[in-house]
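See below for the structure under consideration.
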There are 2 protein chains.
Amino acid sequence: MPLRKSWVESANTPDTDFPLNNLPYGVFDAGDGSMPRCGVAIGDMIFDLCKAEGDGLVDVGGAVFDLSSWNEFMELGSDAWADLRRQLTELLAEGAPPRPDYLVARSDVTMVMPITVAEYTDFYAGKHHAFNVGSIFRGPENALPPNWLSIPIGYNGRASSVVVSGTDVRRPWGQLKGPDEVLPRFEPCKRFDLELEIGAIVGQPSDRPVTVAEADEMIFGYVLLNDWSARDIQAWEYQPLGPFQAKATATTISPWIVTKAALDPFRTSTPDRERELLPYLQETGPMLYDVDLEVALTPEDAEETTISRTNFKELYYSAAQQLAHHTTSGCAMRVGDLLGSGTISGTEQDSRGSLLELSWSGEEPITLQGGETRSFLEDGDTLTLRGAAKGDGYRVGFGECSGKVLAALDNPYAR
Amino acid sequence: MPLRKSWVESANTPDTDFPLNNLPYGVFDAGDGSMPRCGVAIGDMIFDLCKAEGDGLVDVGGAVFDLSSWNEFMELGSDAWADLRRQLTELLAEGAPPRPDYLVARSDVTMVMPITVAEYTDFYAGKHHAFNVGSIFRGPENALPPNWLSIPIGYNGRASSVVVSGTDVRRPWGQLKGPDEVLPRFEPCKRFDLELEIGAIVGQPSDRPVTVAEADEMIFGYVLLNDWSARDIQAWEYQPLGPFQAKATATTISPWIVTKAALDPFRTSTPDRERELLPYLQETGPMLYDVDLEVALTPEDAEETTISRTNFKELYYSAAQQLAHHTTSGCAMRVGDLLGSGTISGTEQDSRGSLLELSWSGEEPITLQGGETRSFLEDGDTLTLRGAAKGDGYRVGFGECSGKVLAALDNPYAR
């Protein structure tokens, strides 16, 4: 599929993340005292859906775009999702009447959380990541847990920790214990890390087990996701019930939801199975996406270094498989549930999606532009995730997912 | 403190769970087509707070009792909590004008969820339980994980799985693998279990680490909680990231929130420490409660057997300690967060809070009244938790927390 042209000129350049082919959904704060409201990104602009709905220019059968989240629209279901995309594609296409009054410059607004996160689940679906982490902690011969090739392993995260790109992230305190120490100390995290992930947003509910195909239908769209991780807190706390405070400081998502429809031309199958899956987990079509991803690290007052380049398709399990597995027990899923993919690492050293892997647990610090090195994140570092599916002369991009690490509090109990 | 008498006669008997000393909060559906609304239990009756608020009989500064959850009232904070209790104690005391028009018989209504659960966290704070489970899986010499005496171990659960007492619970399907099998099967759970717990309801938010004393102030009240557990699903899935689908079928809570104020006369300290806690986890006063607990199992068409008797004070960590730990990383807590205590087992064989422990993983099935035996739950079994603090001639009770096990679906994907 080629670039679809828009009357919004900045949407027609090959390097924009937001051509007419994309039409990602977000919530923006115009800074004029009005409530944050729904919009769609087009080039350098945002098409104001609240205003367009108010004027009858778009109509999905009810007022949902004056709200500060996309949850109510998601609840309308997949017919409404397709209908809105059709309306917007017509309205914004080259040849349609230009409506500059409905545009707001992206540079003039602040993006806020696009959804109310119902619950947040984080998976571990990247095989290269699981193998790397397992190798670091248990050696390569025992790297993959026995269940890994049978189950899209996941754990419940903390929805209250999910923040939008641009939110500063405070280095946490926690219980730390060195391998040679008997007892833990309560100190600021020394091994603060990122995890490059994609978040899938559940747009329709379920109250019983769903098939992989049904699960794929339930997904509304995708965001970039950085699951900030305190490796030293995790090492001491995670046995036997899994990560808890190590993952609760923050999880940053990008503000624009790239819809499943926009990514449809970039669908691709999961890698070949190394162990046959149980039937309930078998895909009935391609449900991963070919999306190039990168991680950039910018120290305070220094230039940016791209520290990793990988691709969404490196995952072993798709979000649809994860969601299907999530429902096997009868677990109810709700509109606004967010599923983190797990860290997406490739096979090469510079395609690893976390500093734990990039620096091999600190044994091989990476070198940044300008000569600084990093084993883990330092105060003042800004982490930026970027991603885009590459079409013929255009890209379906995710924008940026960034956050800056602030120093730990001197005393977390000072008031 | 002695029994406080009420003009509601059924509240003055020594065996009621709901004397004037208690005043637990719930949400009831009168079955007349009106929205479920807030009420307080008194003897066999419910005092209709929605009607009382509408008529100006109670006043907390805003209409909050016409709603179907206590979340909005909780948000008002501890001064409002104390004020409502004072108003209700005056209104319902012996000597106050009887107001039978504001009473509804408990037997005439259906109780629904008393709160909207924001997020659900389950802890593992019972030492006898952790020791028993560890002994079953790893032997007594390695029973307690190294971190257990330092951290109130917890994991995030699934809020969408929390249901109110009386809700049937469908036996889940899941991936099961026997110890001698190489690959898992997808089958109905064979080792379905209960966990006797107390749930603490967070009534005030926090966005930074809180002390144990602050955490205690944030807690609104307590409920009985049964964390239904699929032991065979858990055994195969839980490494390395903890329990997931094994705990997602259902978690049942009792419908009446027993307030912290009602339990205040029964405060007691946690057991002596076997390892000194880090300062942030040290209690500044007694924060556990002396509450007798019991578990009853009733097979279909058979009589009830009490299978376990224990006490809330058997826990090693209080809910305040759990909540304080939960915030260490900066994790935001919200009104309506629910914290499961972890299974509460005593030291004796008949004081164990799960069938896994009671039957020692199926090696020693228990015998019910009538001669049936149980290693794990069978279809048609009804599980009922009960609990009460025992005062001088009265009890502050929790009512019942029950659920019946339904047979697994023949085919979970049939529509």
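Along the chain as shown, the residues are counted starting at 1.
Backbone N, Cα and C atoms are what each Cβ position is placed from, and that goes for glycine too.
Among the features that TrEMBL reports, domain 'Fumarylacetoacetase N-terminal' is placed at A:21-114. As annotated by TrEMBL, domain 'Fumarylacetoacetase-like C-terminal' applies to A:121-392. Per TrEMBL, the feature Ca(2+) binding site maps to A:Asp122, A:Glu195, A:Glu197, A:Asp227. Annotation source TrEMBL lists substrate binding site at A:Tyr124, A:Arg138, A:Gln234, A:Tyr238, A:Thr343. Annotation source TrEMBL lists active site, proton acceptor at A:His129. Annotated Mg(2+) binding site per TrEMBL: A:Asp227, A:Lys247, A:Thr251, in sequence order.
Where TrEMBL records a feature, it is marked here on the structure.
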residue: A:Asp122; record: Ca(2+) binding site; contacts (Cβ under 8 Å, 6+ apart): A:Gly154, A:Tyr155, A:Asn156, A:Gly157, A:Glu197, A:Asp227, A:Lys247, A:Thr251, A:Leu339, A:Gly340, A:Gly342
residue: A:Tyr124; record: substrate binding site; contacts (Cβ under 8 Å, 6+ apart): A:Ala130, A:Trp148, A:Pro152, A:Ile153, A:Gly154, A:Tyr155, A:Gly342, A:Thr343
residue: A:Arg138; record: substrate binding site; contacts (Cβ under 8 Å, 6+ apart): none
residue: A:Glu195; record: Ca(2+) binding site; contacts (Cβ under 8 Å, 6+ apart): A:Asn226, A:Asp227, A:Trp228, A:Ser229, A:Gly342, A:Thr343, A:Gly353, A:Ser354
residue: A:Tyr238; record: substrate binding site; contacts (Cβ under 8 Å, 6+ apart): A:Phe244, A:Ala246
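Each of the recorded positions A:Tyr124, A:His129, A:Glu197, A:Gln234, A:Tyr238 was checked for a CB under 8 angstroms from a CB of chain B; the ones meeting this are A:Tyr124, A:Tyr238. Cβ-based crowding with a 10 Å cutoff singles out A:Thr343 as the top-ranked of the binding-site residues A:Gln234, A:Thr251, A:Thr343. Classification of A:His129 (active site, proton acceptor) by DSSP places it within a helix. For A:Lys247 (Mg(2+) binding site), the number of other Cβ atoms no farther than 10 Å from its own Cβ, over all displayed protein chains, is 29. For the pair formed by A:Gln234 (substrate binding site) and the residue listed as 'active site, proton acceptor', distance between Cα atoms is given as 16 Å, rounded to the nearest Å.
A strand conformation is recorded for A:Asp227 (Ca(2+) binding site) in the three-state DSSP classification. Across the range of the domain 'Fumarylacetoacetase N-terminal' (A:21-114), the DSSP-based residue counts are 32 helix, 22 strand, 40 coil. The average pLDDT the prediction assigns to the domain 'Fumarylacetoacetase-like C-terminal' (A:121-392) is 97. Sequence-distant neighbours of the residue listed as 'active site, proton acceptor' (same chain, 6+ apart, CB under 8 A from its CB) are A:Gly342, A:Thr343, A:Ile344, A:Ser345, A:Arg352, A:Gly353, A:Ser354, A:Glu357.
In the structure shown, the C-beta of A:Glu197 has more C-beta neighbours within 10 angstroms than that of any other entry among the binding-site residues A:Glu197, A:Asp227.
DSSP assigns A:Thr343 (substrate binding site) to coil in the three-state reduction, placing it in neither a helix nor a strand.
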